[in-house]
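Reading through the structure tokens given below for one structure.
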Amino acid sequence: MRAIPQKERLDKVDVLIVGSGPIGAVFARTLVSAGRSVVMIDVGNQESRRIGDHKKNSLAIQKNVNLFTNTVQGEQHPLSIPTNMTNSSLEPASGGANTHKVRFVQNGQNPKQEAWDNIPAAVATRVVGGMGSHWTCNTPRQNTDLERSDLFSDEEWDDLYTRAEKLFWTDNTLFDDSIHQQLVKTVLTNTYKDSGREVLSMPLCGKRTAKNRCFVEWACTATILGDLAEPGNQSSLFQLRANTQCIKLELNHSGQVELALVKDLLGDEEYYIQANKFIICAGAILTPGSVHTEQTVGFCQVVLKNSHVRDVETDKYKLGWKKVVDEHLAKHPNDPLPFPFDDPGTQCYFPLTKQHPWHTQIHRDALGYGHIPKTMDQRLVVDLRWFGYTKPDQNNHVEFSLDKTDEFGMPQPTFHFIVNREDSERCVDMISDMIDVARNIGTFLPGAEPKYMPMGSALHVCGTYRARKTKVDEQTGDDTSVVDRLGRVWGQESLVLGGCGVIPTQNARNPTLTAAAFALAAADQVVKDLERQR
């Protein structure tokens, strides 16, 4: 490490956190509550009143969730776009038409990326709040047989999950008063009762206020930080620095991380931050790693069958719908549907099992895809998203360029990912199951018939800096782990990694809660380490 000239700026803090998503917020909230000073930096802009608010915490979007699709799309930055294919639609005189000479290299364009070996839908979100500004807020626990690692005991896992669920406001009943929810759950329960499949309400992170039961405040960085996220917060222990990029970490003479070189992007100023602990949680890809897993995704949208709509009108299942429907139609006699305008959509699922080894989401949500036509009443539409796991494979990895950078000057990632035969066959069964379930709910919305989504659509890349009990597996000799179970980088005393990248196992469901469980364990250890340094 070079000596720092006196004229250069040097800030000091107990802990530097790189990344402002929900996992960074878990670290920050835990550390500040323990009396430690934290500086959190993020390359993105602060766009909401509170730090890192969910973009769906908007009355306009909650009245018309279709609007949310454009919000999500606008915040997704493609990470690796192949440019080594001919664009046959260009005129011969066009710049770039001769692609064996011209291979574009800007904004994620990557001449080294092979299309067949890519995760084409892999993206990053560069905004304060990270992907927590537009995530689905679905927080299931991992399946103990097929997904969960043995890095913690059952008792430790339960404690960590319980703490994470409290921070994230996990609630299994958030939509249970909805007619849509009751209808779809009843239909599917009756359909699959002989098969033993159980239909449950999704564990969602949010709260309804007593004053306005129609509005949900979705959990995000802002809600996890609590008072620290409020404008004008005067805490001397926490500071967010937006539009600030971590350029590199510098080592001392002992080979330990001692400084972070950061850059104020708007002020075009580089300076150093010295910390006792450096916590990097900038996403599974942008926090550099190696081996990774991702999920296969099946998707379709259906329009509720007429028979189901009539069942609501007649209160066929005697669930108390008649009074609500009559009141709605009395106020809106021209409405052709019995559902109140403010009746929340469906949010339920079949849990992953050995017999059906995939995660399911039967709901109405708007992600980067799933936009419905403006002429369609969204009260009739149900989304089905099925997620399958892929087993960890050393051949599936991300490589960082030594000579090419992305638009922020960081090493360009190149993906290497192929779905193997076993995972492919499971995906076929998964999509067949999705079609069967969909047919019991409704008819396919034109343009949203069952399809396999491009790899990366789940936005659930895991394992890029996987955790393990020991650096090298004693039985297999596998040395692809990067951190221990507490997120500590092997050989480093002050460097901790957090996020979905630490999850070492195959994973079919939304991984955020599990990443938060790892983060809580890591944060507890950071607090202990800092206490010993006093």
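Think of each number as a place in line: the chain as shown, counted from 1.
In case you wondered, yes, glycine gets a Cβ from its N, Cα and C as well.
Lifted from TrEMBL, the feature list:
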- 12-47: domain 'FAD-binding' (DOMAIN)
- 401-519: domain 'Glucose-methanol-choline oxidoreductase C-terminal' (DOMAIN)
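Note on the domain 'FAD-binding' (12-47): its mean pLDDT in the predicted model is 97.
Broken down with DSSP, the domain 'Glucose-methanol-choline oxidoreductase C-terminal' (401-519) shows 32 helix, 24 strand, 63 coil.
Taking H, G and I as helix, E and B as strand and the rest as coil, DSSP gives the domain 'FAD-binding' (12-47) the counts 12 helix, 12 strand, 12 coil.
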